[in-house]
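Please read the structure below before turning to the comments.
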Amino acid sequence: MSISSPSAASGHLVSVSAPAKINLHLEVLGLRSDGFHELAMVMQSIELADQLHFRNTADGTISLRCDDSSLSTAGDNLIVQAAHLLRERSGFSELGAAIELQKRIPIGAGLAGGSSDGAATLVGLNGLWNLNFSQGQLEGFAAELGSDMPFCLAGGSQLCFGRGERLESLQAMQASMAVVLVKDPSVSVSTPWAYGRCKELFRSRYLSQESDFEQRRQQLRESSWLNPLRADDPPPLHNDLQAVVAPEVFAVQTTLKLLSDLPGSLAVAMSGSGPSCFALFADVDSAQAALKRQQPAFDAAGLSSWCCAFRSEGIKLEA
C-alpha cells in the first residue's frame, strides 16, 4: 500500500451513498468452529440508500451526527468503529472527521443499513484522507467489522459464503429487475435472536462437514437462475430464516400476504432476519404499477413501502 500525505483541508467534503441489500437466497448450512453459522447466500444491492458526508477536522476528533435521533452516534455505531479502524491502520493518529448521516434505510430491518453505512465510511474516509487503500484491503477491514460489510462494499450481485464475508461475483444483469419493499416501521428483529432461534428449531438438520458445505455451495453456484440474474428465469427466492421469524412476528405474516397479492410479482420473500419483505418484479415499471395499486392496503396496515431497482455496483465516492 502506498499512502500519500493525508488530507487535512477542513473545507473538503466527500459524499458517499450506502445502498441497502436484499437476500435473494439465504441458506443456513450449519455451525462453524467459531460459533457463527455457515451460510450460502445470494445478495443484491438495491436503490434505497443512506447518504454520508465527510469533512476533515483540524483537532483529530471523529464525530457522527444523524438526522434520525433514534440511532446511536456513539462507539457502538459501525460508522464510528470503521472510522477508528481505518485511522488506526493508516498510522496517522492525527486524522479526524466530522461525519453526517442522512438515514433512509430503516433500522433493524434485515437490509444491512448499519453494515452499509460502515462500509461507506471506509470508502469515504479512504478518499477524504487520501490513504489509497485498495479495494481488497478495504474489504479485509470490512470483514473485521461485520459479516455483511464486505458485500456492502463490493455491492451488485454476489454469492456470499462463510459468515457472508466470502464473495464470488455474478455476471452483470442485462436489464435491471426491481422489488417492492415493505416494512412495518414499529417492528424490528434481532439478528442474533433469529439465528439463535434457527439453531433451536433446526439444528438436527445442520450439516457438519466442510465437504457437505462445499457441495451445497457448488449446487448454488450451478443454479440455472444465476449468472446472470434475469427476469425470464427469475430467482425462486429462499430464506431459511423466514421459517423461523414469520411464525413469531405477525407483521411479517401480514406483509408477505399483502405482497403476494401484488399483480405481476415473480416471487415474494423476507430479507435477511427481517422484518422487511419484498416482491420481485421483472422491471421498475411493473413494480411501480403494482405498488401504486396496493399502496392503500399498505397504508391501511401501517406499512412503509418503497419501489427499488437492483443496483449493479457497490459503494463509490460521489465527490
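Each residue, glycine too, has its Cβ placed from N, Cα and C.
Feature list (source: Swiss-Prot):
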type	residues	note
ACT_SITE	LYS21	active site
BINDING	PRO106, ILE107, GLY108, ALA109, GLY110, LEU111, ALA112, GLY113, GLY114, SER115, SER116	ATP binding site
ACT_SITE	ASP148	active site
Site with most surrounding Cβ atoms, counting all protein chains shown within 10 Å, from the recorded positions PRO106, ALA112, GLY114, SER116, ASP148: SER116
PRO106, ILE107, GLY108, ALA109, GLY110, LEU111, ALA112, GLY113, GLY114, SER115, SER116 excluded, remaining Cβ within 8 Å of their centroid (ATP): ALA20, ILE105, GLY272
Distance, ASP148 (active site) to LYS21 (active site) (CA atoms, angstrom): 9
Fewest other Cβ within 10 angstroms of its own Cβ, chosen from the binding-site residues GLY108, GLY110: GLY108
Cβ packing number for LYS21 (active site), 10 Å threshold: 27
Three-class DSSP secondary structure - ALA112 (ATP binding site): coil
Nearest-integer angstrom distance between the alpha carbons (Cα) of PRO106 (ATP binding site) and ASP148 (active site): 16
